[in-house]
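Novice: When I checked TrEMBL for this same protein, it listed these features:
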type	residues	note
DOMAIN	A:66-256	domain 'ABC transmembrane type-1'
TRANSMEM	A:7-29	transmembrane segment
TRANSMEM	A:65-90	transmembrane segment
TRANSMEM	A:102-123	transmembrane segment
TRANSMEM	A:135-157	transmembrane segment
TRANSMEM	A:178-203	transmembrane segment
TRANSMEM	A:234-256	transmembrane segment
């Protein structure tokens, strides 16, 4: 009896997981169908997969937006890491006055609604001719990810035993040398997950992107939103474009899984 | 513990302290100063479509306009309803699924992986999938099921715009709740359960007296962080309903966008922005109190 209940619960788990995944799976499948197959009801399960939609979408220029997304995501993450990781190190391992207050102030900037700052930012970038530029988005996404990086990395640095750092200093290494040669190596898995998670956030960001970019600097979320308005009737092509937009970040997300709980709770909870 | 504290103090070399400044200055420029300017703009009468009128100081006129218009209260209500409904749905589903996942079974790792995937999909694409696959009145799943049950298909996005958005956002955020509550369940020490069993507690008793109290801080964390993110829902609304019909599915974030980037009314958009931030700060204070308590536990 117990075995049957347990098997039933496992089956239920599978079914719910598949239901949750279904819309994404459907997007991936529909991208390989023809337009008429895409809107068949009931849905056609057997069809000849074709890469035609991907080819059409690529020729229509999704590549440029893809490149924008990649560049903005990488550049903003690098800036955020360069600024955030040293700050996290200082806040975790060194005695800093008002440490808690600084940490809370930092996280409060992450949760400040974009709605509360978008108007001046728009006017500012307009005045310095940076509207519709990748630089504007890079600067803002770096700012958006610094708090995440500080909080997450702080929690990884906290796990480093202080004796190890102490030992490097006895060997005559300076504080910064110790940081690069020992500490950074120890937190490398955490550092990688932190970087990947900030990439996920940058890749998917939409409010800044849609307010500050139009054609040159538009990233994939903006492109997809305009695709929906203009060609929302072409489901197969839209699915192909959507697949291209979400696949990279889904893969990144899968790689961050192990540290995801810690990352998403800003290090408050260890998963 | 005391010894580590002392060691931390001895190696407190001055140059390292400066490591905090670059981040702090960057955040001040990118977030704090723009917010101060938003406050300043909220007292101005300034419409980008009417450059002839220029920028005129109007005191509290923008706030008065907003707080006396019925659409603002509708939007405020939408924001509260959207956020609360999503939190409740995500919590219940996430908790139920975390309980299901907190067992040993074949393929657990893969199930976990595919279950969290919706969380990584960009909001605009999630919205597109739901708008076409689910809600489309001619070819979507909703119409298919309507036919199966012999009912006339409805256009969900115009008939129930806010509910439609609630479902999309819940779909995206349930994995987040599941993950964190699952982490809580898995961190439950086996001794606690054993002790409860020795005391003769049944399954239900264990759950209420051992599991739930242990999960309490995880529940707090997940609800507060979820709240902060879900308050800012934007892309889903932009793509599906554009806030309509009327203001039926506009939340505060999207209202700022509508006033600022569709009507180009800088003053009024800033005023709504300020009100949004005030609402968020009130929520944030609750969160900080919670996190501070956790800090103290961590340090003791």
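In case you wondered, yes, glycine gets a Cβ from its N, Cα and C as well.
I'd like to know what surrounds each of these features in this structure.
Specialist: For the transmembrane segment (A:65-90), the list of distant contacts is 96, 134, 137-154, 157, 179, 183-184, 191, 194-195, 198-199, 202-203, 217-220, 222-223, 244-245: same-chain residues at least six beyond its ends, Cβ to Cβ under 8 Å.
Residues 91, 96, 131, 140, 143-144, 146-148, 150-151, 154, 207-208, 211-212, 266 of the same chain lie 6+ residues outside the transmembrane segment (A:102-123) yet bring a C-beta within less than 8 angstroms of a C-beta in it.
Tertiary neighbourhood of the transmembrane segment (A:135-157): same-chain residues 71-73, 75-77, 79-81, 83-85, 87-89, 91-93, 103, 106-107, 109-110, 121, 125, 183, 187, 190-191, 193-194, 197-198, 201-202, 205, 208-209, 212-213, 217, 219, 259, 262-263, 266-267, 270, selected by CB-CB distance under 8 Å and a gap of 6+ residues from either end.
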